[in-house]
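For reference, Swiss-Prot has these:
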type	residues	note
ACT_SITE	Ser101	active site, phosphoserine intermediate
BINDING	Ser101, Asp245, Asp247, Asp249	Mg(2+) binding site
MOD_RES	Ser101	phosphoserine
Amino acid sequence: MSRKYFGTDGVRGRVGTFPITPDFAMKLGWAAGKVLASTGTQEVLIGKDTRSSGYMLESAIEAGLSAAGVNVALIGPMPTPAVAYLASTFRADAGVVISASHNPFYDNGIKFFSNSGTKLNDQQELEIEALLDQALNHNAMECVSSELLGKVRRITDAAGRYIEFCKGVFAKDLTLAGLKIVVDSANGAAYHIAPNVYRELGAEVISINDKPNGTNINDHCGATHLDSLQTAVMVHEADLGIAMDGDADRVMFVDHNGHVVDGDQILYILAKSAKQQGTMTGGVVGTLMSNLGLEIALKEMDIPFKRAKVGDRYVVEQLKQTGWRIGGEGSGHILHLDHASTGDAVVASLLVLQAVLQSGQSLAEIVSCMKKLPQVLLNVRLTANNADEILASAAVKQAVIEAEAVLAENGRVLLRKSGTEPLIRVMVESTDPEMSQAQAEHIAKVVTSF
């Protein structure tokens, strides 16, 4: 049975528009509380990012959980990975994150997970949706008796505990003293976390986009808009810059020359360091969109590489299947399962800084050995909803075969349908940009002929 409200990243949408309304949030909290209580859950921990709508949704979910007889612990604005960690630390039975990650302020979302940081299983989500439908359509939300109502407490030392956890990831024989770092917190959940972590480890920190006002989260800043970070690194003559997104589950770097170091390059740095330190377990998991340059660079170090479907959840699945520890996406979702159960921007950044210090090189130098291949990406708009038919056609398959023959071992071809628009995305990457462009245009022409 397919899920009605829960997507791959919980429930998400435009604030004030169903399902991101206070009524829906309260009834979702109640339904989740009923299902979780049936498995022995006594307390749920709630964290959020810095969107103004977070207060409204937090209060609504809190009311629903309390009505179901579940206690609530509030930790305020906190990175998504911090909520996963703190749910376990504070002995809560489950966690809730109120965030829409890198989306604009007018969006928000609600995500539930266990105290081990994993999302609820499909059966639990279906049970929650069944109760939620009753509450929405038949006003069937029943409140427990007064003496059984859930109690609510606010935890004031959550940030300090998470900061100490992050610092514990960093090698105890190293210090960031002597490094000048620019940190862009995207006016998001890490604004009071990330700068303090680096400062307490000895770095000189220039903090930008660290004054959230409820509407400026991800607004031309953070991991998805690196211009201001690049400028700040150059102006302050910093050693490097670090940018996170609104809920701090993805990270990007800028080197001292102002050049972007993306998720694929971060994976290379972590894998190279693990290989040199003798801590490498298996290989690295990327995605279908990971740059071929990463695969080539890892192969040169005899490090295996696998591609998962696009999406950090699929990277996690592949890591668990293989028993490998390092994986991620070019967008900056970086996983190192030896240190965190989910993508954690602060933890990943510390592992990169540790690798840089251990190498004795600058960030620019350590990443220079990985040569990213130029990618050509063409979006072919369809006149009908027939992407699957086109991708399965003999003509398109033949065009791909011909392109791969031309590229040989120097490139690759990837065709994907968009999950949100009537598009087929044609991606070609190779050592020869002109060849990539020509092959991408040829395949796009074949796709357009349908």
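Every residue, even glycine, has its Cβ placed from backbone N, Cα and C.
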I'd like the number of other C-beta atoms within 10 A of the C-beta of Asp245 (Mg(2+) binding site), please.
33
Among the binding-site residues Asp247, Asp249, which residue has its Cβ surrounded by the fewest other Cβ atoms within 10 Å?
Asp249
Which same-chain residues, if any, lie at least 6 apart from the residue listed as 'active site, phosphoserine intermediate' yet have Cβ under 8 Å of it:
Asp9, Thr80, Gly109, Asp245, Gly246, Asp247, Asp249, Arg250
According to DSSP, which of helix, strand or coil covers the residue listed as 'active site, phosphoserine intermediate'?
coil
I want to verify one value. Collapsing DSSP to three states, which class is Asp249 (Mg(2+) binding site)?
coil
